[in-house]
Every structure is written in C-alpha cells, then in structure tokens.
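Below is one structure, written out as structure tokens; comments come after it.
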Amino acid sequence: MQTPKLAILLALAMAAAMVNLSQAQNSPQDYVSPHNAARSAVGVGAVSWSTKLQAFAQNYANQRINDCKLQHSGGPYGENIFWGSAGADWKAADAVNSWVNEKKDYNYGSNTCAAGKVCGHYTQVVWRASTSIGCARVVCNNNRGVFITCNYEPRGNIVGQKPY
C-alpha cells in the first residue's frame, strides 16, 4: 500500500519541479534584468517590477491564448508584444532580446528607425520616463506558439520625443 503512495508523491514532486523550472526562466527578474541592461547601456535608470502591470499583462495574454495573435491590447500602458512559433520553449529573455536587437535600426540623432525597419520596441525598452514594467507569457492553445507581453508605465514612444 505504501508503494503507490510513494510513487504518487514522487510524481507530484517531479511535476512541481518541472513547473518551477519553467517559471524560473520567466520570473519577474528574467524580464527586468535584460531591460535594465539595455537601459544601462544608454545611461537610463532601472525599471522595477509592477504587480499591477503584471496583472494587466497576464489578463491580456490570457485573451490571446486561443489565437496567439500579435495584436496590441489598446490599454493605457506602453506595450511590447512577442510571438514565438510552436515547437520552441520561448522565454522572457527571448522576447526582451528580440526587442533590444532593434537598437541597430534606431538612429538617435534623427530619432527614427532605418528605412523599412521597426525599432519602437527597443525605444520603449529604453524610454527614460518608463520606470515600471509588468510582463506575462502564455503557451497558446492548438500548437499556435508562445505569446509574451510587457507593459510599461508611464508609457513611452511619445511622438516627437527621444527615448533618452
């Protein structure tokens, strides 16, 4: 009688460990650290984690779980979104690094993106006035991939203003 109980307990412990491992690479610090590294590189102060923004991000990510559409929430905060195809275990760092990699297409002098390029995700990451972030990640249903969103307060990308 003890053997089945032990097997069940062992299985539950392993499942909990796997969940914790997955969450360990998508923790608040896994979002905050690469944001702050990019900000530090251009002399901008750090952002901190906001549970309010995290709740907003999670609510919106949950709305995208069935379609995984790369579509903005239209909410009151600054926002970066990321989609990763099914079959890969996309993490917080993958999303933030994809946004930061737009730096090469941003011209600070003219405050513009290179022709035909996108750089607004990067400028939101380093927006000096944005001091709080909250992010969320969902694995979309029906093998549609991974959706990650980060929200920023105050919002950045104000037309006519430079990020730093």
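Every residue, even glycine, has its Cβ placed from backbone N, Cα and C.
Since we're looking at a predicted model, the values are computed, not measured.
The feature signal peptide is assigned by Swiss-Prot to 1-24, with similarity to another entry given as support.
Gln25 (pyrrolidone carboxylic acid) falls outside any helix or strand according to DSSP and counts as coil. Sequence annotations record features per position, and here Swiss-Prot assigns pyrrolidone carboxylic acid to Gln25 based on similarity to another entry.
The feature domain 'SCP' is assigned by Swiss-Prot to 34-152.
Around Cys68 (disulfide bond), the same-chain residues at least 6 positions away in sequence with a Cβ under 8 Å from its Cβ are Trp83, Cys140, Arg144, Gly145, Val146, Phe147. Cys68 (disulfide bond) falls outside any helix or strand according to DSSP and counts as coil. Summarising the annotation, Swiss-Prot assigns disulfide bond to Cys68-Cys140 (among others).
Its own atom aside, the Cβ of Cys113 (disulfide bond) has 16 Cβ atoms within 10 angstroms in the protein chains shown. Look at Swiss-Prot and you will find Cys113-Cys119 (among others) tagged as disulfide bond, backed by similarity to another entry.
DSSP classifies Cys150 (disulfide bond) as strand under the three-state reduction. What Swiss-Prot records for Cys135-Cys150 (among others) is disulfide bond.
Candidate recorded positions: Gln25, Cys135, Cys150. Nearest to Cys113 (disulfide bond) by Cα distance: Cys150. Under the three-state DSSP scheme, Cys135 (disulfide bond) falls in the strand class. Neighbour list (Cys150 (disulfide bond), Cβ cut-off 8 Å, at least 6 residues apart, same chain): Tyr31, His35, Ala57, Glu79, Asn80, Ala95, Val96, Ile133, Gly134, Cys135.
The recorded positions under consideration are Gln25, Cys119. Their Cβ neighbour counts within 10 Å are lowest for Gln25.
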